[in-house]
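Database features, via TrEMBL:
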- 1-22: signal peptide (SIGNAL)
- 25-336: domain 'Plant heme peroxidase family profile' (DOMAIN)
- CYS35-CYS115: disulfide bond (DISULFID)
- ARG62: site 'Transition state stabilizer' (SITE)
- HIS66: active site, proton acceptor (ACT_SITE)
- ASP67, VAL70, GLY72, ASP74, SER76, GLU88: Ca(2+) 1 binding site (BINDING)
- CYS68-CYS73: disulfide bond (DISULFID)
- CYS121-CYS332: disulfide bond (DISULFID)
- PRO163: substrate binding site (BINDING)
- HIS198: heme b binding site (BINDING)
- THR199, ASP253, THR256, ASP261: Ca(2+) 2 binding site (BINDING)
- CYS205-CYS240: disulfide bond (DISULFID)
Amino acid sequence: MESMKIALLLMGILLNATTLSGVELLAHDYYKEKCPIAEDIVRHNVEVALLKDPRLAASLLRLHFHDCFVMGCDASVLLDSVEGMTSEKLAGPNVNSLRGFELIDNIKYLLEEECPITVSCADILAMAARDAVQLRGGPRWEVLLGRKDSLESSFTGANLFIPAPNSSLEVLIDNFKQQGLDTEDLVTLSGEQKPGSHTIGRARCLNFRQRIYEEEDEYHHGNDRYKRYTTFRRILRSICPVEGRDNKFAPLDLQTPKRFDNQYFINILGGNGLLGSDNVLISQDLDGQITEHVWAYASNEKLFFASFAKSMIKMGNINVLTGDEGEIRRNCRFVNA
């Protein structure tokens, strides 16, 4: 069953055939009668969690992305392994990397107390990501609600469809295209293996070592060939030596690491994106279309915010389950008995 879905996704068939019909059943006020305080419960708990750990904002955003890019926005990423099914949490892009599961568990518990078997885990992920962005200074958008939760996870899909931190621009464009997203979405949500346009959050040394010790100027658009020991690189090399310390972290945005803003794009223009997949937006953009978007967002934060909200809505509607598809899980880690 899973292998068939993976094959269809690779051909762009399953996604394009089902996304629109599912989205038609979503609504902004889906829980208005069924669970009026659902969004308030999610936002309050996200807010409390971010006061304790501001880094959770990036983690919640990333959870939503890693969920949507596999089989669609269906909370498959939240499922634990059981006999006959390996969790997506154990896939290469996710293992020892994804965070925020306990917060989602707590929100789900409170929602089950208030409105049993009503609010899906997939909708919780979408709302939590939106609230996390706004609470860190970013835009707010109205989330379409009414998703159902999947009955399975896809370990294989998680390894196939989530972009690697050293992906080429061509690979990134193709990866987003498979999900029905265009190059504008790519720039807006760029580096989506740690989404939020990398304006918040951190990355492990293992994921950016190649970029800071690269011998060529591939990631710097010709601007760093003779500047091997800039302040930016010295800081990163002090965190991440040539060997060892793979799990040490560095901020994705050294300038404003805890705030959602447009600094990421300014960093890229200066050759100071943390990951290789950041800098290829400029260095490998042959026709200049992507570079135009980067310049536009670097110079106009309001434009970036508006585009980000639009792209998040678009991403949040990928291959959703609605109606009789899927279920509303009682516990986000397991399908209902």
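Note that the numbers count up from 1, one per residue, in the order the chain is shown.
Positions of Cβ are set from backbone N, Cα and C atoms, glycine also.
Automatic, uncurated: that is what TrEMBL annotation is.
Remark: CYS121 (disulfide bond) has ALA75, LEU78, ILE104, LYS108, ASP149, ILE328, ARG329, CYS332 as non-local neighbours, by Cβ distance under 8 Å and separation of at least 6 in sequence. Closest by Cα distance to CYS35 (disulfide bond), from the recorded positions HIS66, GLY72, ASP74, PRO163, ASP261, is ASP74. Other than ASP67, VAL70, GLY72, ASP74, SER76, GLU88, the residues of this chain whose Cβ falls within 8 Å of the Cβ centroid of the Ca(2+) 1 site are, in sequence order, HIS66, CYS68, PHE69, MET71, CYS73, ALA75, VAL77, SER150, SER153, SER154, GLY157, ALA158. Ranking the binding-site residues ASP74, ASP261 by the number of CB atoms within 10 A of their own CB puts ASP74 at the top. Neighbour list (SER76 (Ca(2+) 1 binding site), Cβ cut-off 8 Å, at least 6 residues apart, same chain): ASP67, VAL70, GLU88, SER150, GLU152, SER153, SER154. The separation of CYS73 (disulfide bond) from the residue listed as 'active site, proton acceptor', Cα to Cα, is 9 Å.
Note: the Cα of CYS205 (disulfide bond) and the Cα of GLY72 (Ca(2+) 1 binding site) are spaced 29 Å from each other. For the recorded positions ASP74, CYS115, PRO163, CYS240, ASP261, a Cα to Cα distance of within 10 angstroms from CYS68 (disulfide bond) holds for ASP74. Of all Cβ atoms in the shown protein chains, 32 besides its own fall within 10 Å of the Cβ of VAL70 (Ca(2+) 1 binding site).
Annotation: CYS73 carries the greatest number of neighbouring Cβ atoms among the disulfide-bonded residues CYS73, CYS205, CYS332 [cut-off 10 Å, Cβ to Cβ]. In this model, the domain 'Plant heme peroxidase family profile' (25-336) carries an average pLDDT of 85.
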